[in-house]
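What Swiss-Prot records for 20, 77, 117, 424 is (6S)-5-formyl-5,6,7,8-tetrahydrofolate binding site, and it gives sequence analysis as the kind of evidence. The annotation domain 'TrmE-type G' is assigned in Swiss-Prot to 212-351. According to Swiss-Prot, the feature GTP binding site maps to 222-227, 241-247, 266-269, an assignment based on sequence analysis. Positions annotated as K(+) binding site by Swiss-Prot: 222, 241, 243, 246. Annotation source Swiss-Prot lists Mg(2+) binding site at 226, 247.
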């Protein structure tokens with residue numbers, strides 16, 4: 001396998017740039033650059049030179065022999081000055097060395113997976129953690145990247161193995177005419193594990209956390225949707241005009257309130273009729289956004305919004321109007337009245353829609369595998385042929401193996417590690 005290298009720190013210019021090298025030629029590359037290799041896992045100052053002996057930079061270098069490191073292979077880290085020219089010169093020199101090449105996106109992490117340093121669930125958690133933008137996302141995804149989810153699944157797998165051992169024992173000590181019954185405790189254990197998996201299947205998934213709670217602003221034209229949208233974003237993201245129908249498309253913006261992620265969605269004004277084909281497309285898109293919404297803020301006439309929509313009286317600063325009799329909130333985007341209360345209510349509602357801080361969450365792929373395992377356990381019944389019971393347990397165990405990557409496909413791995421940046 002070729003030795004790979006890449007810049008693992010932020011894009012230059014920066015105070016420090018960290019270049020990683022991983023593979024069998026890592027030690028030789030360090031020796032060629034620095035003239036000597038320092039003691040393992042001890043930082044040392046070295047002058048780096050190119051193949052002609054010209055100085056590239058003075059850097060702190062680390063020699064990290066495998067397998068007890070990030071990738072499980074021999075590794076080197078070069079902590080150099082973070083200027084563009086310095087980084088480019090060092091990478092250019094590395095590229096001329098036999099057996100070395102630039103790393104592909106996610107290739108360091110993929111090698112860590114291949115060498116057993118992390119499992120698939122940890123890799124998926126790390127991929128999501130790299131794109132975490134809010135505190136809640138960081139807390140939940142850190143738990144998955146740190147191995148808590150893998151420990152949990154490993155425990156479930158061990159329980160299935162123990163159940164399989166009981167079935168195999170019963171098969172070994174039975175004859176063709178008199179198959180021994182499994183103990184009642186066996187079925188209790190199966191039911192308990194199935195219920196535990198079922199509880200996990202009810203929890204919010206990572207995708208919901210990644211995208212945030214979808215909040216749609218809906219109502220007729222000129223109801224104040226875009227004004228409220230801008231007020232919550234604290235920016236002029238949407239055009240606001242007294243002309244009805246100014247907003248003709250769906251406008252989405254991510255935002256975090258107190259570390260909780262949301263996606264705010266402004267929509268075209270809803271009304272019947274109209275000969276403008278572009279406006280009709282905007283209305284159709286608005287209705288589609290309503291179908292996918294977690295929360296709808298209804299700024300139209302009271303009682304005319306979708307079921308479970310929040311009735312918002314968004315023009316509390318205007319005297320000549322027909323006020324809603326029982327709105328959830330009265331507010332004014334112009335004066336700021338009620339905006340803080342709306343944000344508090346949104347955050348409170350999000351607690352039931354998103355994983356809680358410190359929780360472990362699964363993604364759609366992992367959810368499907370847990371569902372498969374739970375379904376197999378649910379098929380196990382008293383009096384069932386023991387060979388059928390054994391097959392249900394084997395399939396459940398296979399689902400757990402695919403969860404952590406004991407069994408997987410190259411296409412799925414390509415898709416996962418392709419999400420990483422170069423150098424990770």
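Please read every residue number as a count from 1 along the shown chain.
Including glycine, each Cβ sits where the backbone N, Cα and C put it.
Structural mapping of features recorded in Swiss-Prot.
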{"residue": "20", "record": "(6S)-5-formyl-5,6,7,8-tetrahydrofolate binding site", "DSSP (3 states)": "strand"}
{"residue": "77", "record": "(6S)-5-formyl-5,6,7,8-tetrahydrofolate binding site", "DSSP (3 states)": "strand"}
{"residue": "117", "record": "(6S)-5-formyl-5,6,7,8-tetrahydrofolate binding site", "DSSP (3 states)": "coil"}
{"residue": "222", "record": "GTP binding site", "DSSP (3 states)": "coil"}
{"residue": "268", "record": "GTP binding site", "DSSP (3 states)": "coil"}
{"residue": "424", "record": "(6S)-5-formyl-5,6,7,8-tetrahydrofolate binding site", "DSSP (3 states)": "coil"}
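With residue 77 ((6S)-5-formyl-5,6,7,8-tetrahydrofolate binding site) as the anchor, the candidate binding-site residues are 222, 225, 226, 268, and the one with the nearest CA is 226. For residue 225 (GTP binding site), the nearest neighbour among the listed binding-site residues (20, 117, 424), judged by C-alpha distance, is 424. Counting residue by residue with DSSP, the domain 'TrmE-type G' (212-351) contains 36 helix, 32 strand, 72 coil. Residues 20, 77, 117, 424 are listed as the (6S)-5-formyl-5,6,7,8-tetrahydrofolate binders, and the farthest two of them sit 18 Å apart at their Cα atoms.
Counting only the Cα atoms, the space from residue 424 ((6S)-5-formyl-5,6,7,8-tetrahydrofolate binding site) to residue 222 (GTP binding site) is about 48 angstrom. Each residue contributes its Cα atom, and for residue 117 ((6S)-5-formyl-5,6,7,8-tetrahydrofolate binding site) and residue 222 (GTP binding site) these two points are 57 Å apart.
Note: the CA-CA distance between residue 226 (Mg(2+) binding site) and residue 268 (GTP binding site) rounds to 9 Å. Same-chain residues at least 6 positions away in sequence with a Cβ under 8 Å from that of residue 20 ((6S)-5-formyl-5,6,7,8-tetrahydrofolate binding site) are, in sequence order, 5, 6, 8, 75, 76, 77, 103, 108, 423. Shown are the binding-site residues 117, 225; of these, the residue with the fewest other Cβ atoms within 10 Å is 117. Compute the center of the Cβ atoms of 20, 77, 117, 424, which mark the site for (6S)-5-formyl-5,6,7,8-tetrahydrofolate; besides them, the chain residues with Cβ within 8 Å of that center are 8, 22, 69, 70, 71, 75, 108, 109, 112, 423.
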